[in-house]
Amino acid sequence: MKSFNIGAYRRIGASETLGKASANFFDPLNEEATKQREEFAKMALKDSAEFLYNGGQVAILDGTNSTVKRRLMIRTFFASADVASRLKVNLVFLESECHDEKLIDQNILNVKLRSPDYAHVAPQEAVKDFKQRIAHYQNAYEAVREEEGSFIKLIDAGKYVIGHMIRGYLPARILYFLMHIDLKKKAIFLTRHGESEFNVSGRIGGDGALSSSGKRYAKAMADWIIMQPEFYNREQGHMHIWCSTMKRTVQTANAFKKRIPNVKIYQWRALNEIDAGICEGKTYKQIESEMPNEFTARAKDKLSYRYPQGESYKDVIQRLEPVIFELERSTQPVLVIAHRAVLRCLYSYFMELPIQSIPHLDLNLHTVYKLSPGDYKTEVDRFTFGLMASKNNSDPSHQ
Ligand code: F6P
């Protein structure tokens, strides 16, 4: 998936709209600017098609495609003989309509004022300018209509969601995903379980218990999380704590029970570690010597490689979908106690890392990764606890 932001093309092509009040550029009566804006939309459109020609599955053309004429231009482009002969696109318009003045003001303050458009512009002046820009958009705005084909309409940031002619797997997933979005930003804490006995002996998979060092981490981590301002709030109670159904994460999560006996811990099967099939319980060295073909195949393409009778990273990504939807939907901070492969996928989703890099990400034992999603990107803070795992732990991410 890749997003093509028409505003980003404008920022390069019409740099006079940057860093100062520029509402006039968005006035539909300003013919010269309207022409330029159309050109930027066409550039983004062509690049999005190029991305789809090269195997991309979902391209987002992000911009003010808010007139019938602009949307017709998009439809005509994909229906043109040249494009249609190379690409069969399932076009879905996504319209976000907001009547809630408070939400609009919040969005201007939190998002728009941070945009490069208003760098060095005094906040009051920027707010005034952006409201003027909205007024221009409103003058030209034509709601998406049934005769324009498939569309999804989000009203007041998801209070109502309307789907029209949503057909096919991906459009349906997108609609379902949008139903889970919550604009309130909450922190997500990710940690692997404390060191397990399997980690100590360098064996993968299995359902081993924590080592003594792992137990110390579980306690130190729970003590620290409980002290965090995100842990408790009066209206919503304590942060959600999720773990897998495997002994090592359940044992890690149970450290909270010692401090807060009635704490709720949710066990998700979807958070279980990648299933290494016939390689479960073996060390990497054993796999290399006993099954050299498997070892080489995995080294060649770790993302797609599926362990015989087990899973691939791609399988794990797929089974994590409901977890991601719940994380998006949650209005409360969440602590996820899981495993290396699983957390690599979740971390990469929030950090928007390329899919190929997922299986190679370093996520150490005895470390909490705090993700703070922002409007433009997610910030990450890393907390270690001065607790080394056992010396002979041959977990490669620990060296
Ligand atoms: O070694 C710990 C572990 O969580 C294993 O259970 C799992 O098979 C492995 O890490 C996943 O990491 P990688 O995909 O790099 O082998």
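Cβ from N, Cα, C; glycine included.
Summarising the annotation, TrEMBL assigns domain '6-phosphofructo-2-kinase' to 2-184.
Sequence annotations record features per position, and here TrEMBL assigns substrate binding site to Arg192, His193, Gly194, Glu195, Ser196, Glu197, Phe198, Asn199, Arg248. With a 10 A radius on its CB, Ser196 (substrate binding site) counts 29 other CB atoms from all the protein chains.
In the three-state DSSP classification, His193 (active site, tele-phosphohistidine intermediate) falls within coil. Sequence-distant neighbours of His193 (active site, tele-phosphohistidine intermediate) (same chain, six or more apart, CB under 8 Å from its CB) are Leu210, Gly214, Ala218, Cys243, Met246, Arg248, Thr249, Gln251, Thr252, Ile337, Ala338, His339, listed in sequence order. Annotation comment: TrEMBL describes His193 as active site, tele-phosphohistidine intermediate.
Annotated active site, proton donor/acceptor per TrEMBL: Glu273, in sequence order. According to DSSP, Glu273 (active site, proton donor/acceptor) is assigned to coil rather than to any helix or strand. For Glu273 (active site, proton donor/acceptor), the number of other Cβ atoms no farther than 10 Å from its own Cβ, over all displayed protein chains, is 25.
Other than Arg192, His193, Gly194, Glu195, Ser196, Glu197, Phe198, Asn199, Arg248, the residues of this chain whose Cβ falls within 8 Å of the Cβ centroid of the substrate site are, in sequence order, Val200, Gly208, Leu210, Ser211, Gly214, Leu365. Counting in whole angstrom, Gly194 (substrate binding site) lies 14 from Glu273 (active site, proton donor/acceptor) by their C-alpha atoms. Taking every pair among Arg192, His193, Gly194, Glu195, Ser196, Glu197, Phe198, Asn199, Arg248, the residues listed as contacting substrate, the largest Cα to Cα separation comes to 14 Å. In this structure, Glu273 are the recorded positions from Arg192, Ser196, Phe198, Arg248, Glu273 whose C-beta falls under 6 Å of some atom of ligand 1. Take the CB of Arg192 (substrate binding site) and look out to 10 A: across all protein chains shown you find 30 other CB atoms.
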